[in-house]
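Participant: Feature table excerpt (TrEMBL):
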- 1, 3, 5, 17: Ca(2+) 1 binding site (BINDING)
- 89: substrate binding site (BINDING)
- 120: heme b binding site (BINDING)
- 121, 170, 173, 178: Ca(2+) 2 binding site (BINDING)
- 49-243: disulfide bond (DISULFID)
- 127-159: disulfide bond (DISULFID)
- 1-247: domain 'Plant heme peroxidase family profile' (DOMAIN)
- 244-350: region 'Disordered' (REGION)
């Protein structure tokens, strides 16, 4: 299903993967049709059906209480879908055989196989996959001794109907993606034989016990394994207009399909926005004169010289013009006395 070949409808000339026995119990293909119709209306021929499956699975896991995880896109839809190409591990296959034939050739580790089978924490299985284990294990007429007797009785009653009914793979939290599936295995309540053997096989029993104890360990491992499984696509393909049929052949190319990419499309790599380049400005010559700070003088300033002021001698006003000069009569004695007084008091009259 990684390249959406499981979505192709069978025709009168050829049966598709959808017609294979293990895939006949897959349902709700119309939900994928609704998603694809909405995508084609918004962005035609951009999102492949393979991406729809991967993204819808991721969202279904999150809505069921499981982890959410970033998922790369860019898958292409496969160009073939043959019923004989379906080769999946059966419900009664031993753990060692399932790993050697199916998981290891695809590049998965044993721990990743145990993790991916943990997807059985939700979903159902038809009685055809476990009925013999609950009532006639290996032709003994008895249930599998590794199955809880109470569970075996419940499954026998469920499968007594004639319409091949279903039973939950996780009898505890049937609609929640959690580690209850692994805890059920540790108490012999695995519905399918391949699930129960995960807890009894020496190579995987410790892994089951570890996931049963640690919810965070399972969530981290499950997210990584789902991303890895979603990368199993071929080297060519197309983006279908309808998930149920291949794109129509081009009449221009003589009936052949238009050329498609030979390698899976890669998602665009989002680069961080580049930082603006700051270029240094070219210096502009200034028209102002440079300010030169005065240098400190090394010559000591001379002290100011104080000079005595010259005495100011007031002069008598000039005589009035005309008439006789009024010269006071003084004797020589009085005149000499007056001159002496002027010498003693300079500046009188300023």
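In case you wondered, yes, glycine gets a Cβ from its N, Cα and C as well.
Are these features on the surface or tucked inside, and what are their neighbours?
Facilitator: Residue 5 (Ca(2+) 1 binding site): 23 other CB atoms within 10 A of its CB, across all protein chains.
Applying an 8 A CB threshold to same-chain residues 6+ apart, the list for residue 120 (heme b binding site) reads 169, 170, 181, 192, 195.
Listed in sequence order, the residues of the same chain lying 6 or more apart from residue 49 (disulfide bond) and placing their CB within less than 8 Å of its CB are 4, 7, 32, 36, 77, 240, 243.
Long-range Cβ neighbours of residue 127 (disulfide bond) (same chain, at least 6 residues apart, Cβ-Cβ under 8 Å): 155, 158, 159, 164, 165, 166, 167.
Per-residue confidence over the domain 'Plant heme peroxidase family profile' (1-247) averages out at a pLDDT of 95.
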Participant: Across all protein chains in the structure, which of the binding-site residues 3, 17, 170, 178 has the highest Cβ count within 10 Å?
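Facilitator: Counting Cβ neighbours within 10 Å, the top one is 170.
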Participant: Counting Cβ atoms within 10 Å of each candidate's own Cβ, which of the binding-site residues 121, 173 comes out highest?
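Facilitator: Counting every other Cβ within 10 Å of each candidate, the maximum falls on 121.
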Participant: What binding-site residues in the list 89, 121, 173 lie within 10 angstroms of residue 5 (Ca(2+) 1 binding site), counting C-alpha atoms?
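Facilitator: The binding-site residues passing the 10 Å Cα test: none.
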Participant: Tell me which of the binding-site residues 3, 17, 89 ends up closest to residue 178 (Ca(2+) 2 binding site) in space, Cα to Cα.
Facilitator: 89
Participant: Specify all same-chain residues, apart from the site residues 121, 170, 173, 178, whose Cβ lies within 8 angstroms of the center of the Cβ atoms of the Ca(2+) 2 site, ordered by sequence.
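Facilitator: So the additional residues around the site are 122, 172, 174, 175, 176, 177, 179, 180, 181.
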